[in-house]
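Notes for the one structure printed next.
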Amino acid sequence: MKGCLATMDKELWIERANDSLVKHFYEQQSGIEQRDGFESKLTFGTAGIRGKFGLGEGRLNKFTIEKLALGLARYLNAQTNNPTIVIHYDIRHLSTEFAQIIANVLANHQITVYLPDTYKTTPELSFAVRNLNTAAGIMITASHNPKDYNGIKVYGSDGAQLSTDASELASRYIEEVGDPLQIDIPISKQNTSYIKPFPKSVTDDYMKHIQNMIGYIPKSDLQVVFTSLHGTSVPIVPELLQSLNFNQFNLVEAQCKPDPNFSSVQSANPEDHRAFDQAVELANKSHADLLISTDPDADRLGIAECDAHGHITYFNGNQIGALLLNYRIQQTSQLRHRLMIQSIVSSELTKSLARYNNVEYKEVLTGFKFIAQEIRQLDDHQNMIFAFEESYGFLSEPFVRDKDAVQIVPLIIKYASELKLYGKTLKDALEQIYQTVGRHEDTLFSHTLEGLEGKKKINAIMTKFRSNPPQEIQGLKVKAIEDYLTSEVYQLDKDTTSQINSPKSNVIRVLFDEGFIALRPSGTEPKIKLYVSLKCPNFDDVAQKINAMIFS
């Protein structure tokens, strides 16, 4: 009987394919991909919804977007009277159409919607929620995922992504909607009157906040190459740099045009060195010093340097974090009670740098919403000077409550310009940090373990560390094991257990005098990540051996 119902559901979806907005994507998919759309179901989690286009409840299409929007409308109306919301969207396939669908559904429920007539960045959405004092915000993006993906991120009234509790409540409202094929969305002129143009003044205010943060960029002969990887950071980043009287940059023209197919990049992820390929070519032609890329929704950023011989130095997320923290420490020397926030899988390097400079630091779970929660809880006398995650997400000043590559681009250019005046580079600055606090190094191993056997292996690895914690790993003596699922930390040398004041998450962190390793399974994919952050000789060899020991 279940198989018959599934077949009937599939037939109903195929009958509605012409109205789904995604027929073209569905027809290009393999049989397995098509079937997965009918046999799976999109779920609204702490990061919203993200998935492929296609037919069925397991795919993004007109009907699943209407279901999401209807659930969110009921959620918002239950939370506040006369709610308002701002919607932004990126350059991906169907982002504009999904934005209009969501706006129509919300308007149908007497929710005032601010909707721009062009694409915007994710940090602009966070800022707009705060600037317009709306009850919520919606960002339509799939960040750096492949071209056949999109997603919906939901933000609360503070401009941060929804908390875990709020996400769970919104999810219940969405699930209560039921079958997306049975939704009827009447549209009338009265309802569409709730949809308002997005005020240009908000973008102007956002630019002013960044201009005030930067002040000025010193005159030097620094040359920059910038690529938006076909995303949303053009035109806002070039306009911002010009407003700061910095014009010594060249755009990778082929990649600075919005393109939902990401035609000229192998990867639209600034973590991936391949994302810089065309930027490197242009840097060599233009004798540029600094290369900067932002991901498609402009919340994350990567950098590289080109020396006089054309040699490229790529910086990982932890190294960029250390450079930016170092610069912010220099900029804020007059402030007392300075604070830096980072995720629990980010580097020991930045913590050592903070300690050396008498800057307090806090560690939070992975996910920038946890950083935003810390910012919200700051005392009046505390000054948050920097926050970051090792996955290339940075925030300098909290007028935005999410990762913000747009505010970081001029900040890193200003730092590089100052260094250039003294004949120094960012690589030199990083080396100076190492000389000051020690050469803490970091790497990440990501393992995909498919199927039931893969799931069993991931569970076995986590269980082993929980039930039989090692005394040492590759000659490194274990001091403590932090288990964020049980919210406990076990001190091996003292044989004591204490509580961790943190939300629960399936993460284990093993602490040594030399640093830490962390294990973090994905909640949505058959993946597990191993983070290694150590100050030790032969780091690369030690990291490889730790990885082999755990996953052999």
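Cβ atoms are placed via backbone N, Cα and C, with glycine included.
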Given that Swiss-Prot records ASP295, ASP297, ASP299 as binding Mg(2+), the matching residue among SER126, SER143, SER467 is SER143
List, in sequence order, the residues of the same chain other than SER143, ASP295, ASP297, ASP299 whose Cβ lies within 8 Å of the centroid of the Cβ atoms of the recorded Mg(2+) site. ASP90, THR122, THR141, HIS144, GLY231, THR294, PRO296, ALA298, ARG300, LYS403, ALA405
Out of these binding-site residues, ASP295, ASP297, ASP299, which one has the fewest other C-beta atoms within 10 Å of its own C-beta? ASP295
Within its own chain, what residues at least 6 apart in sequence put their Cβ under 8 Å from the Cβ of SER143 (Mg(2+) binding site), listed in sequence order? GLY151, ASP295, PRO296, ASP297, ASP299, ARG300
